[in-house]
Amino acid sequence: MANSILVLCLLAFSCTVATAFEPSPLQDFCVADTSTNAGRVNGLPCLDSKLADANHFYFSGLHIAGNSSSSVGSKVSPVTVAQIPGLNTLGIALARIDYAQWGVVPPHTHPRATEILTVLEGSLYVGFVTSNPENRLISKVLQKGDVFVFPIGLPHFQQNVGNENAVSLSALSSQNPGVITIANAVFGSNPPIAEDVLVKAFQLDKSIVNRLQTQF
Ligand SMILES: *[C@@H]1O[C@H](CO)[C@@H](O)[C@H](O)[C@H]1NC(C)=O
């Protein structure tokens, strides 16, 4: 009796973990049916599999450089389930990133995905920070062909440190990795986080908090 309860508990636990991490699909594929509001379990409803064709699994355009002349000097071109409905339930996505000289991808996290990045052109300074209380920075300068991993959920960043534009390609372990850019989330939330919270949290003067809030 005690044994079967233990087995049941283990089963329930493993099911919970699997659901939270985009479980292995129970069918060949589940092309996202974006035309319906039918209930979703953990992703988008499936299109009738007989209606699926090659274009549901296809995207074109990652050979095109993104326009990196933004204030941070980078441009992300995502290829997630939003671009390829056939990625629904499969737990994987891609992104091309273009960097202007000294351009950065500001510190951000992907709440649902580990990222593995390859440098296609140029040199990047990359890093991530571990959880409290260590908050250890693990960083490296990468050259063309180098690969680096950002573990799921950890804040990370990239900077172009070469003398030319840089390009990287990332694979991510979710059809919908999500992005939380730290500065935008904290200083640019809508509606704003109460100013006195930010003053105390960041140990800054009100004027600096206000300035940061207008910036983001
Ligand atoms: C790139 O973006 C900048 C700033 O948004 C804009 O001024 C420029 O025209 C864009 N360049 C191209 C080629 O689209």
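In case you wondered, yes, glycine gets a Cβ from its N, Cα and C as well.
Curation plays no part in TrEMBL annotations; they are all automatic predictions.
From a predicted model like this one, the values you see are computed outputs, not experimental measurements.
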Recorded Mn(2+) site member, picked from H63, H156, that accompanies H108, H110, E115 in TrEMBL: H156
Tertiary neighbours of H110 (Mn(2+) binding site) (same chain, Cβ under 8 Å, six or more apart): F150, I152, G153, L172, S174, P177, G178, V179, I180
Site with most surrounding Cβ atoms, counting all protein chains shown within 10 Å, from the binding-site residues H108, H156: H156
Check: same-chain CB within 8 A of Mn(2+) site center, minus H108, H110, E115, H156: T109, A113, F128, F150, L154, P155, P177, V179
Packing count at E115 (Mn(2+) binding site) (other Cβ atoms within 10 Å of its Cβ): 22
Set of same-chain residues at least 6 away whose C-beta sits under 8 angstroms from C46 (disulfide bond): Q27, C30, V31, A32, D33, N88, T89
Cβ neighbour count (within 10 Å, all chains shown) around C30 (disulfide bond): 21
